[in-house]
Amino acid sequence: MSTQLQQHNKREFKGEEEEEEEEEENHLLHSECETIPLSSPHTSPSEWEHGNREEEEEEEEKDTVYAAKDKVQIFDLESASGASVGSTAVPPFSWRKLWLFTGPGLLMSVAFLDPGNLEGDLQAGAIAGYSLLWLLMWSTFMGLVIQLLSARLGVATGRHLAELCREEYSNWARLVLWILAELALIAADIQEVIGSAIALKILSHGILPIWAGVIITAMDCFFFLFLENYGVRKLEGVFAVFIGTMGFSFAWMFFDTNPSEEELLMGLLIPRVNSKTLRQAVEIVGCVITPHNVFLHSALVQSRDIDIRNKGQVQEAINYYSIESSVALLVTLVINLFVITVFARVFYGTEQAKGIGLVNAGQYLQERYGGGLFPILYIWGIGLLAAGQSSTITGTYAGQFITEGFLKLNIKKWLRALITRSCAIVPTMICAIVFNTSEGSLDTMNEWLNVVQAIQIPFALIPLLTLVSKEEVMGTFRIGPIVERVAWSVAVLVILVYGYMLLDFFLDEVDGVLFGFLVFLGAAAWISFIIYLVQHSGAISSILVRSSYSKGFFSLAGN
């Protein structure tokens, strides 16, 4: 009897506990419902969750340049669901997939064809003739090595170089890297915009002044960026038209002037340089490898929807991007070759050779090879306009990536484009007004802009090589020891070339003790920051360790 009574009491006590728990749950549910911002009294929990997801997606779109809905779909759902996350199998080559991956390399390659490059080409041809064509070929190959590493970094990590620099370096170093990247970008953008303005002046018979061309170029840039709202592929198609226009225009000039085929082949195959052409040789290397393009390419490759957890997809994307970038830079090599050979054929050994530039090149060509089916002055103007317009768009793109990556600005894409575009247009307008007094003043401005970009190049290359060599960043896609040594060799060579350019420039320009002292302080700071970045990368210790390991291996083998 007592046992039954105890069981009955337990059931009652248990029932009271359950009632208390139910009351607490109802109270909590009621308090949570009060805090939920429902849009209407009939909003269901599922609708509220859907609204939250939309808000999260909007926040993500503010923080990324390529939203998920804007990316080009490469891998269909069936193949994606059928492959495991850690799958390393790479499917066989597909022309259709290569076509889908084609695009970022076109945008990247425009930096090899901007107005600054064209001016370097025409001056190299006019002063050095065909003798520096071999250097153009090898510097383009060096640029390809750097750009492939940039694309590899973006594909394997799902983030671009500026974002990774924000996480890799301390606050002060990150701030210095960002400021220098912005200054170099502004310097490059000034050259590109003024190049477009010069082309508009040529095509309008001089009616449009340089400052008006700057405004038109700025507005055109926003118009073409607006095309991205209709899909990334549409914008990439516009760039294909620009590059095709340049290729057609300069090929027309090439065949119209009929350069020497024998001297062209000798220039490509036989390395030649002397004291008179050393400056042009340095400019060719300096024009091909630009700092903002290193940041740009690592971000452009993210326009394709790739699951970075699937190693097979990542490797496949790297393979296709390597093919696409190689073809794009081969096209730029041919176009640059056209420009050098045309001006070598027309102006090499003439009195006009040393004074030729973007402003007067078209007029000089018209005087020597005017008339014909279509005047060569306008062919040059069309090619220059295509180069300027396309490079200003990629400059704006690079500015968005650099600003968003280093500062992590939580703003919408159009506002970010407006800010970065304005940062470049305002100084461009000032330069167009101040320096548009004579051809010599524009050349002086162009030299100073090249100096700003030369200062920045180590601070784009060294972080790139640091990151692609780290296993904790790249995982299994970090570069191997041979590629690492080749990449560092290319970087050292490029930095030395730019260093020589800076030394040669300042030796000519330094006048006075105060200015010389300021240049000395700047050079010391520049070298010190390079040393800091190299030490941070651990490249020297890594090479020493591998060298000692190799010596130990060979000594053991000898024993």
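Each Cβ is built from the backbone N, Cα and C atoms, and glycine gets one as well.
Annotated in TrEMBL:
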type: COMPBIAS; residues: 15-25; note: compositional bias 'Acidic residues'
type: COMPBIAS; residues: 37-46; note: compositional bias 'Polar residues'
type: REGION; residues: 1-65; note: region 'Disordered'
type: TRANSMEM; residues: 98-115; note: transmembrane segment
type: TRANSMEM; residues: 127-151; note: transmembrane segment
type: TRANSMEM; residues: 172-190; note: transmembrane segment
type: TRANSMEM; residues: 202-226; note: transmembrane segment
type: TRANSMEM; residues: 238-255; note: transmembrane segment
type: TRANSMEM; residues: 327-348; note: transmembrane segment
type: TRANSMEM; residues: 418-436; note: transmembrane segment
type: TRANSMEM; residues: 448-465; note: transmembrane segment
type: TRANSMEM; residues: 486-507; note: transmembrane segment
type: TRANSMEM; residues: 513-534; note: transmembrane segment
By Cβ distance under 8 Å, which residues at least 6 away from the ends of the transmembrane segment (127-151) in the same chain are close to it?
104, 108, 112, 121, 161, 259-260, 263-264, 266-273, 276-277, 280-281, 284-285, 288-289, 293-298, 301, 318, 321-322, 325-326, 329, 332-333, 336-337, 340-341, 344, 348-349, 353-354, 461, 464-465, 468, 479, 486-487, 490-491, 493-494
Who are the long-range neighbours of the transmembrane segment (448-465) in its own chain, taking Cβ under 8 Å and residues 6 or more past its ends?
116, 146, 149-150, 153, 161, 164-165, 168-169, 176-177, 180-181, 183-184, 186-188, 190-191, 283, 286, 289-292, 294-295, 298, 484, 487-488, 491, 494-495, 498-499, 501-502, 505, 526, 529-530, 533-534, 537, 539
Folded-back contacts onto the transmembrane segment (202-226), same chain, C-beta under 8 angstroms, at least six residues removed:
193-194, 196, 235, 238, 362, 377-378, 380-382, 384-385, 388-389, 392-393, 396, 417, 421, 425, 428-429, 432-433, 436
